[in-house]
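Annotated in Swiss-Prot:
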- Asp203: active site, proton acceptor (ACT_SITE)
- Gly2: N-myristoyl glycine (LIPID)
- Cys4: S-palmitoyl cysteine (LIPID)
- Tyr151: phosphotyrosine (MOD_RES)
- Ser207: phosphoserine (MOD_RES)
- Ser237: phosphoserine (MOD_RES)
- Tyr251: phosphotyrosine (MOD_RES)
- 11-46: region 'Disordered' (REGION)
Amino acid sequence: MGICLSAQVKAESSGASTKYDAKDIGSLGSKASSVSVRPSPRTEGEILQSPNLKSFSFAELKSATRNFRPDSVLGEGGFGCVFKGWIDEKSLTASRPGTGLVIAVKKLNQDGWQGHQEWLAEVNYLGQFSHRHLVKLIGYCLEDEHRLLVYEFMPRGSLENHLFRRGLYFQPLSWKLRLKVALGAAKGLAFLHSSETRVIYRDFKTSNILLDSEYNAKLSDFGLAKDGPIGDKSHVSTRVMGTHGYAAPEYLATGHLTTKSDVYSFGVVLLELLSGRRAVDKNRPSGERNLVEWAKPYLVNKRKIFRVIDNRLQDQYSMEEACKVATLSLRCLTTEIKLRPNMSEVVSHLEHIQSLNAAIGGNMDKTDRRMRRRSDSVVSKKVNAGFARQTAVGSTVVAYPRPSASPLYV
């Protein structure tokens, strides 16, 4: 169940791996245990009590969103639609458009495949937790067949939008902001993995990282979250759910879920931030469609790292920073689960890299500049060669291919 809390959602490409798609690939037979699912409740009995949440009436949310008018839609998908609305900051009652607190109201389709269980997980997790890097759930509505969630409005939308949109009117995220977003998201995951919470997020990806007005990252979409293992258990066995390109290989193979599964997903997103490429893009040449597989050989070679780095980031980082981010990404992506860092370690590494960026101020030495020019020259030649080949056969050149990372289907 995805969260689309910004006015920028409509800018997403129709081919994107969105937060609205189905995520379940079903049972893996003997390799994974199925999750026992209780019947969907028709009362608030299964909702954990939380003083932080308000139980809204359907009429209140209808008024707050101007009767769910089409021009209030922020986004839509398999779960239903997200509407923009306004409520009074103190009373939390509906207010006139443009006044009070801006909210995002997610309205679940009554016959939507994402269903009540994910809605319930969202309410219970976000209702119990409060952290600056988790999106704030203000309240919910459970009335008759209506299922709605009320969130704080995130004015800058998702990381996915900022990282992959192209065009004359869109400014790419700077290196400094990418580090800030990565660190904020890492802190959110570290909080979930802490001994006090013990939650496995299970769907960490760019579309689930939302940004406030100051580009502070907040994790959204807790419909797939699971309680972590307890006692002497090392993992949770469950059906494999998530998004292709982000799920850890051992989780795909066995259905065994651990916090290190989230660490792998973080490594993928860190690589997306570094490269400006999507985790999976079927519109790229066959050898470049899977970002992790394509990038790994370059990341282990200091002289080839610049072939992976987003060429829109010229002169914004030092060689030392680039190498450290590449190394951290590789550590998160290793197939040896025990060798992956925990998220607290990741936070420490990113804080160090961020301090390097602040100290260096974007200045590079002569070696950095020489290697950058060489890398840019290689990239430019490849782009021009590709352009010439496509033009020669009379095909349309797509400067910015549609993304194609997809959810895990049955």
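Glycine is no exception: its Cβ is also placed from the backbone N, Cα and C atoms.
Here the features listed in Swiss-Prot are painted onto the structure.
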residue: Tyr151; record: phosphotyrosine; Cβ neighbours (10 Å): 24
residue: Asp203; record: active site, proton acceptor; Cβ neighbours (10 Å): 26
residue: Ser207; record: phosphoserine; Cβ neighbours (10 Å): 28
residue: Ser237; record: phosphoserine; Cβ neighbours (10 Å): 16
residue: Tyr251; record: phosphotyrosine; Cβ neighbours (10 Å): 25
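Checked against Asp203 (active site, proton acceptor) by C-alpha proximity, the modified residues Tyr151, Ser237, Tyr251 yield Tyr251 as the nearest. The DSSP secondary structure for the residue listed as 'active site, proton acceptor' is coil.
Closest to Ser237 (phosphoserine) by Cα-Cα distance, out of the modified residues Tyr151, Ser207, Tyr251, is Tyr251.
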